[in-house]
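Please read the structure below before turning to the comments.
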């Protein structure tokens, strides 16, 4: 009982400290929020708070928010933010609350032990892990997470929905997991690619009294839940806007990359230079490349679906059309779950150095291009390539460590021995 009270008190203190830090940054530095809102590392055409304000202005004046060609976000954001009082403090508190909810879901994922011991695989190193408190603290005090919150990017809502989907799946509640994933897909579309490994995680973690067998029946039931919730959300959006124009304005923009605003991703510069006659072909190639990882990872790492979800989040943060540091913060929040395989990783120093290098030089190169006029788009795109390289190294190194851990279970006599490619 006393231990539970101490743990609860520590967790409450962690949430309070994170909330106070964010509120202090909002209030003591009033210009910081607007500064970060305009940064391309934080805001993208599909997550920008400034664009949300534009859409909200049109919505409040009974004009379609999509008429201006600026607003590319989900329609249900509009009634949510229009209900908030006009004082900025209420918006700040909403974003702080969403961050804390995300941390709470992450804490539950960590404390479940799923990362080290799943239904079909148990790592011999599973005891070497960090507590949910530590992992939640890493997420809440990650500079990327804090900057995203202060910049008021709407990607924090997607992050919260994804973490709650995984948390509910781990807890053996597939229905609420599918509902949370549906909200994430409604807000950002790409989380729908997480459905296959999430279905496997739900099946592996289902409670005995609620078990649905065989597996295909369980998967079909969960898929119907996702389809039903998305249909309900789309119908609500239609009733609110009076037309279906939100579909091409919200999801069509991501599929066709019609807004080429610079960001930290790999798509924008490539398609600026692309001839129109080749554009459709390469759009298909880029989307196929993004989605092809889902099947391969899900099949190869069937015994560890949480690993698949983590690796896919890392891949999405590199290769999705409009990435931001919010996507990187979500991936980096999931990586500490695999503390037990850290000794098997080979390039931790290089990865940390590259990510820190690009974190500091990225804004400098953007400034040289846009404001100083002493550089060009190649400056900024080059540093985004290095940023993508750092995340790619982390995804590959974590994949190697997880596979090596599995291999040593299958062949115990090879534990601790070096592997050399011949």
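Even glycines carry a Cβ here, placed using N, Cα and C.
All annotation found in TrEMBL is predicted automatically rather than curated by experts.
The transmembrane segment annotation in TrEMBL covers 12-33, 130-153, 173-202, 223-247, 267-294, 306-324, 344-366, 378-403.
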Take the transmembrane segment (223-247) and find every residue of the same chain, 6 or more past its ends, with a Cβ under 8 Å from one of its Cβ atoms. 64-66, 74-76, 78-79, 174-175, 178-179, 181-183, 185-186, 192, 195, 199
Same-chain Cβ contacts of the transmembrane segment (306-324) under 8 Å, 6 or more residues past its ends? 41-47, 109, 114-115, 118, 148, 153, 155, 162, 166, 170, 190, 193-194, 197-198, 200-201, 254, 257, 263-267, 286, 289-290, 293-294, 297-298, 330-331, 334-335, 337-338, 388, 391-392, 394-395, 398-399, 402
Output the single range from 12-33, 130-153, 267-294, 378-403 maximising the number of Cβ pairs under 8 Å to the transmembrane segment (173-202). 267-294
Near the transmembrane segment (12-33), which same-chain residues lie under 8 Å Cβ to Cβ, leaving out any that are not at least 6 residues past its ends? 88-89, 92-93, 95-96, 99-100, 103-104, 133, 136-137, 140-141, 146, 149-152
